[in-house]
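> I'd like to ask some things about the structure below.
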Amino acid sequence: MEIRPAEISEILKKQIASFDTETDVAETGQVLSVGDGIARVFGLANVMAGEMVEFPNAGVQGMALNLENDNVGVVVFGDDKAIREGDTVTRTRRIVDVPVGKGLLGRVVDALGNPIDGKGPIEATERRLVETKAPGIIPRKSVHEPMQTGVKSIDALIPIGRGQRELVIGDRQTGKTAIIVDTFINQKPLNAQDDESKKLYCIYVAVGQKRSTVAQLVRTLEENGAMEYSIVIAATASEPAPMQFLAPYTGCAMGEYFRDNGMHALIVYDDLSKQAVAYRQMSLLLRRPPGREAYPGDVFYLHSRLLERAAKMSDEFGAGSLTALPVIETQAGDISAYIPTNVISITDGQIFLETELFFKGIRPAVNVGNSVSRVGSAAQIKAMKQVAGKIKLDLAQYREMAAFAQFASDLDASTQKLLARGARLTELLKQPQFKPLPVEEQVVSIFVGTRGYLDEVPVNRIGDFEAQLISEMKARSPEILDSIRNDREIKKETETKLVDFVKSFASSFA
């Protein structure tokens, strides 16, 4: 056999030139035990709290939550059935982060930001940590711009502003999600404009809900053209507790992208009671000490650190906003339970929905007496302030009188008038689902009710009166609605035109 030294030396030179002197160091650990979505891992001495770790054999990821002397408690994001005792666990050296940006609009993703709608990969250029600090005091500004829901009873009586946190609370099947969907649909005209400062991007976080419910919601948004400016994050009932715990923070990180870039976003957490239950499950399995109702001691902090991230930013910080509408489900109308009282104390007000009102046919079933907005009329346009102040007073007096009227046999004329007006205003605030009203139409309809033009109309015809009045006004005097929309107030000449129009319509209504 002939030995060719030149050829051999050439091969050796190439080998030496391409030799990689860098060593790839991976810090690994071993699974001690696994079950119920929690893995105990030995090793990983330098792992960070909240760091993503990988289980290469099982193809799933997890997050390090409990850092103890001799082991690390890891919550598993996915199915833990493929994880075995003794499996290798590797550090990723990054805290849990998710894709953010406009590429997510119109998409349905899971709690880690992975697409689950079958529309291909997400086009996102930026990633953000799911857990970040809320803005401080200096970067914030008081809430002053209205966030129109399109629901008369809310926009008039419990106004919500951009950057506010308003709790939607009520028993199951009282129309909580219906109000949310109406609010999303109502943003369509604003999002059709080119002005970024007026647009409101919508984010819906479904925690612990049925998959069929989420699919139906997405279909409704698509049918009404609202999905193109919305993001849906789904951690459904069949997913492990860590995913349900993480989903609200994921949604919040996506919303903060809009807030920090001078845009406006609305985020809905539906619902935080299920997130608290998922967190309780994780905490108990991690052997953290239980507190009241077996919730861990930091369940208040779980929600406060999430909701504090919703804010209206000052002009120096881009003037963006993130508005939060957390949802809480009560048991038998008990708003004084542990989780409801926690979230009520964190938020800037609550919209309380009642089963009794729902079954009476008052829908949306908002209990105006128990609902409040701590931002108040600062979040209303001037036109709404002009008409809504009176309706609050009238309804409060009506509720008080209605309670006494049950026991009184003969009532004086003024009381009868007050009861008749109250019944008509209650009827006026009813609204069909998926039919949000523009603010100028709401103003006209409340103006008509508070000025007494409905006093002679039979209660069962109030809905017809309102619908016909608005359609007649659009056809014959659209300038009245245009004036209210553009000026954001009812000017003297507009009011005169409005009164004349309503009077002539009322006389011809039959």
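Glycine too: its Cβ is placed from the backbone N, Cα and C atoms.
Given the structure is predicted, the values throughout are model-derived calculations rather than measurements.
Residues or ranges marked as ATP binding site in Swiss-Prot (evidence: sequence analysis): Gly170, Asp171, Arg172, Gln173, Thr174, Gly175, Lys176, Thr177. Annotated site 'Required for activity' per Swiss-Prot: Ser371, in sequence order, evidence recorded as sequence analysis.
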> Just checking, which of Arg172, Lys176 (binding-site residues) has the fewest C-beta atoms within 10 Å of its C-beta?
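Ranked by other Cβ atoms within 10 Å, the binding-site residues Arg172, Lys176 bottom out at Arg172.
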> Among all chains shown, work out which of the recorded positions Thr174, Thr177, Ser371 has the most CB atoms within 10 A of its CB.
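Ranked by Cβ atoms within 10 Å, first place goes to Thr174.
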> What is the set of residues, excluding Gly170, Asp171, Arg172, Gln173, Thr174, Gly175, Lys176, Thr177, whose C-beta falls within 8 angstroms of the centroid of the C-beta atoms at the ATP site?
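Those within range, site residues removed, are Glu329, Leu353, Thr355, Phe358, Ala365.
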> How many Å separate the Cα atoms of Thr174 (ATP binding site) and Ser371 (site 'Required for activity')?
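Thr174 (ATP binding site) and Ser371 (site 'Required for activity') have their Cα atoms 15 Å apart.
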> Between Gly170, Gly175, which of the binding-site residues has the fewest other CB atoms within 10 angstroms in the structure shown?
Gly175
